[in-house]
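Enquirer: Annotated compositional bias 'Basic and acidic residues' per Swiss-Prot: 1-33, in sequence order. Look at Swiss-Prot and you will find 1 tagged as N-acetylalanine. What Swiss-Prot lists as N6,N6,N6-trimethyllysine is 142, 146, and the listing cites experimental evidence. The region 'Troponin T-interaction' annotation in Swiss-Prot covers 108-117. Look at Swiss-Prot and you will find 135-148 tagged as region 'Actin-binding'.
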């Protein structure tokens, strides 16, 4: 009897162990399925990736700004040259330095004028090519529309209405005066013969 009881208890313990193992296995499988459904890009990974991309973009932007600033300084140094030492220079030397700066500035202005003319010519050529391409495609170039504020349109309409209102009032006033003048004129003409008859009597 004791052996049977001990065997039954051992069986119960084993069943409990097996049941707990099955529960743990089931829980792990469910978690694994949830992870598979989420995929590789979890919200945490997406957030980290966004931060990395922003950091990378900021670094690239900073490098580009530094590169442009370096090129600008280099071009300024090339075009303007190093500053002249004016300490102890006499009038003749100062005149020579000023003339050198003046000639250099005139040359830069001439180069600038040539570049502007070249830009205008290139823009004209690009415009002509665009017209030819649109003609071949059977399309028309859309005109550049001027941006107008909606408040300006409303204000213009109100001004127009006010002008029309004032014009009508003026017309009414003029008509009243005309009628009054005609009435006065008719009364004067009507009173003329009667007054003459009264005077004759």
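Each Cβ is built from the backbone N, Cα and C atoms, and glycine gets one as well.
Help me see these features in their spatial surroundings.
Expert: For the region 'Troponin T-interaction' (108-117), the residues of the chain that approach it from at least six positions outside its boundaries are 79, judged by C-beta separation under 8 angstroms.
Computed over the region 'Actin-binding' (135-148), the whole-number mean pLDDT of the model equals 67.
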Enquirer: Going by DSSP, how much of the compositional bias 'Basic and acidic residues' (1-33) is helix, how much is strand and how much is coil, in residues?
Expert: 32 helix, 0 strand, 1 coil
